Protein chains: 2
Amino acid sequence: MTLHTDATHDPSLRSWVASANVAGCDFPIQNLPFGRFRVAGGAARIGVAIGDQILDLRAAGLIDTDDMNALMAAPPAQRQALRARLSQGLASAAIGSAQQAAWQAALVPQAQAEMLLPCRIGDYTDFYTSVHHATNVGKQFRPDNPLLPNYKWVPIGYHGRASSIGVSGAPVKRPMGQLKAPDAAAPVLAPCKRLDYELELGWFVGQGNAQGESIAIGEAEQHLFGVALFNDWSARDIQGWEYQPLGPFLSKNFASTLSPWVVTLEALAPFRAPFTRPEGDPQPLPYLDSAANRAHGAFSITLEVLLQTERMRAEGMAPVVLSRTDTTRAAYWTPAQLVAHHTVNGCNLQSGDLFGSGTLSGPGADEAGSLLELAVAGQRPVQLPNGEQRSFLEDGDTLTLRGWCERAGAVRIGLGEVSGTIVG
Amino acid sequence: MTLHTDATHDPSLRSWVASANVAGCDFPIQNLPFGRFRVAGGAARIGVAIGDQILDLRAAGLIDTDDMNALMAAPPAQRQALRARLSQGLASAAIGSAQQAAWQAALVPQAQAEMLLPCRIGDYTDFYTSVHHATNVGKQFRPDNPLLPNYKWVPIGYHGRASSIGVSGAPVKRPMGQLKAPDAAAPVLAPCKRLDYELELGWFVGQGNAQGESIAIGEAEQHLFGVALFNDWSARDIQGWEYQPLGPFLSKNFASTLSPWVVTLEALAPFRAPFTRPEGDPQPLPYLDSAANRAHGAFSITLEVLLQTERMRAEGMAPVVLSRTDTTRAAYWTPAQLVAHHTVNGCNLQSGDLFGSGTLSGPGADEAGSLLELAVAGQRPVQLPNGEQRSFLEDGDTLTLRGWCERAGAVRIGLGEVSGTIVG
């Protein structure tokens, strides 16, 4: 397996930003994710996370724009060159240089920064890449027919709402909607009673394509910028009543939440994995298949869901882990396949567009990426250590997603976290 | 029925732009629709159509922006004041004034202008407001279960693709996609064989709302700017295979096309109509109901579909009318209901967002808004006067939608047209 690693991934590299060298840090010098931030309500700036600091790229003289979409639109080689400069300039070997002094002055403590959405999201597409999630949910909505015949051929996706995507920390207001009990003659308008999260990754489009032109799978990764954590909050009772025949709408578009740091494809290079299909499953059609995709089209990212209820917070209890999985166990399609599929009809992608992975549930019962699955639609409520239980989210609950990559011989890199608290 | 008409609707008003006074003109002085245009590849400008001319609003000293979204975001009272100024300044009574000379110099012949998309569309939602279309299509996709139980309660909608919306005249490339014959073991990638149009209106959002806040039905029209014609091109074979369980995706997002002129809610005032439900149908839930909506929440707009094949063009034959209907016959929900529903969960609308009405099919067989319906999924091909027939669109076909409002005692206003030609 070719890993496309280079000097920026060297595990022996350390940074003169001391906090980046602490074991378990999400943002060591091998990571260098991009984000947008502001300080004290000022203008939005583009920065790179290093340890507990942000390097302000314009203040450091590395770029001349505050427009992340413009940065995303650039050819990957430009991004890679910037990564190489950042890696060299932040490395311990640069200590004492004039550049180090200038960059030191361009550091902003993360604790002092307000993080913003990473970019302007033109269109947001949500996929459905976990066959386990599709099967688990399918059982509840269509007991006779959980996994539809198209699933193993088509990377199922649909368009979502871009305007209501927020950044980690934004409160999530419990939505109102039409609810209809199975035995009721008519629906009622009421607050959602089955509010849920969805553990997802959000892949950002880098370079776009012209309308009418497809992106071949061999070129697909040249059009991806990087990845963040994504929570696709879902109102299951609204969804059950509204979703046929055209798909989810108000059950999803009240809010979605992104983590603020976008980890680039370059940073993920050591964590690539083969793409394989279970024995007996059909092989992808040729436009979704390539030797490179089979060899290393997947990414191994560990994902974790944590819950802290209001009472836990009041009792000083730390958040509890609800589930944990890894993308290689959960995803039936690779990011490159999503790009090739999305554009095979000539649909034009634009820089900053977001692809949700869909809920990333692994095969195990403790690997499910939603409460709907973990609590089996309320039949088996999740027991919390303080005696509380949850079938769905309650007001005051704080739900957090975390993600990281680790592998023998590589330095662990993190995606940070995305967090949101339900308000009534 | 209160019509909210004023001096700008006076049927006796005539303009010093002579072409605006020609009978049957889409853009008389009572209309005054907004659009964006440029001349000879120059910068985009905002204009108002009057007869066969465009009044360049900035050149006329009426606005100081080229950003239509900013104009759309303004409170309706500002738009109404601008309409009153335009009506007065373009009226015959203004002949000889210094202002007339200045405005005369700000006119651009439509024949010399390139029309652009009216605004930046952040999010595009497609609704499904014709119960006749839902029933016709439902019969084909789900013979046992054509109209789902939620239809008469929920204004069904889903999110569509904003990036691939173009303006009238843009060619439409036949998309590739996964097609699966009912008896085939596996799908194949091939050009769409069942390419269709959908006759829709596109409603533009004016003022938005904050995330977490709903727009009550009584306020809903304050958040609408105006309407254009909209063709939601559809690949029926791709749709049939991909659409379950999350809705249409690649079957729709390769292209949609808008007419360039947005007719404002003010211009539509004389063409309002009562909103009624067929005997025996449930009344809308309270958040979708109001006395004003019942009295005049609907709009009466005549809609027409025309087809000209490549051979017809070569033979010098004019386009043939495929169908004609009126929104009051086709739409089961009013625009105000769509706004109230879309935001009842706190979803935030932004200025320039687009609501597709869904295919506006009336009850009659000759009132259907798609070929899928007119030709009954290919079972009864449409016969053209030159001996050709169509079950679906073929390369070289030009499909045009037209719309207009007329009523005794009011001057006819037009929506213009939206046109597109299929290329292979």
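Even glycines carry a Cβ here, placed using N, Cα and C.
Per TrEMBL, these features apply:
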ACT_SITE  A:HIS133  active site, proton acceptor
BINDING   A:ASP126, A:GLU198, A:GLU200, A:ASP232  Ca(2+) binding site
BINDING   A:TYR128, A:ARG142, A:GLN239, A:TYR243, A:THR359  substrate binding site
BINDING   A:ASP232, A:LYS252, A:SER256  Mg(2+) binding site
DOMAIN    A:30-118  domain 'Fumarylacetoacetase N-terminal'
DOMAIN    A:125-421  domain 'Fumarylacetoacetase-like C-terminal'
Same-chain residues six or more away whose CB lies under 8 A from the CB of A:GLU198 (Ca(2+) binding site)?
A:ASN231, A:ASP232, A:TRP233, A:SER234, A:GLY358, A:THR359, A:GLY369, A:SER370
I need the CA-to-CA distance for A:TYR128 (substrate binding site) versus A:GLU200 (Ca(2+) binding site), whole Å please.
10
Which one is it, among the recorded positions A:HIS133, A:GLN239, A:LYS252, that lies nearest to A:ASP126 (Ca(2+) binding site) by Cα separation?
A:LYS252
Please give me the CB contact count at 10 A for A:LYS252 (Mg(2+) binding site), counting all chains in the structure.
28
Select from the recorded positions A:TYR128, A:HIS133, A:ASP232, A:GLN239, A:SER256, A:THR359: which have any Cβ-Cβ contact with chain B shorter than 8 Å?
A:TYR128
When DSSP states are grouped into helix, strand and coil, how many residues of the domain 'Fumarylacetoacetase N-terminal' (A:30-118) land in each?
35 helix, 24 strand, 30 coil
Chain-mates of A:ASP126, A:GLU198, A:GLU200, A:ASP232 with C-beta within 8 Å of site centroid, Ca(2+):
A:GLY160, A:LEU199, A:PHE230, A:ASN231, A:SER234, A:LYS252, A:SER256, A:GLY356, A:SER357, A:GLY358, A:THR359
Tally every other Cβ atom lying within 10 Å of the Cβ atom of A:GLN239 (substrate binding site).
22
Cβ neighbours within 10 Å, counted over all protein chains: which one of the recorded positions A:HIS133, A:ARG142 has the most?
A:HIS133
Could you check which of the recorded positions (A:HIS133, A:ARG142, A:GLU200, A:GLN239) sits closest to A:SER256 (Mg(2+) binding site), going Cα to Cα?
A:GLU200
Residues near A:TYR243 (substrate binding site) in space but at least six apart in sequence (CB under 8 A):
A:PHE141, A:PHE249, A:SER251
Neighbours of A:GLN239 (substrate binding site) among the recorded positions A:HIS133, A:GLU200, A:LYS252 (Cα to Cα, within 10 Å):
A:LYS252
Please determine which of the binding-site residues listed here (A:GLU200, A:ASP232) has the lowest count of neighbouring CB atoms within 10 Å.
A:ASP232
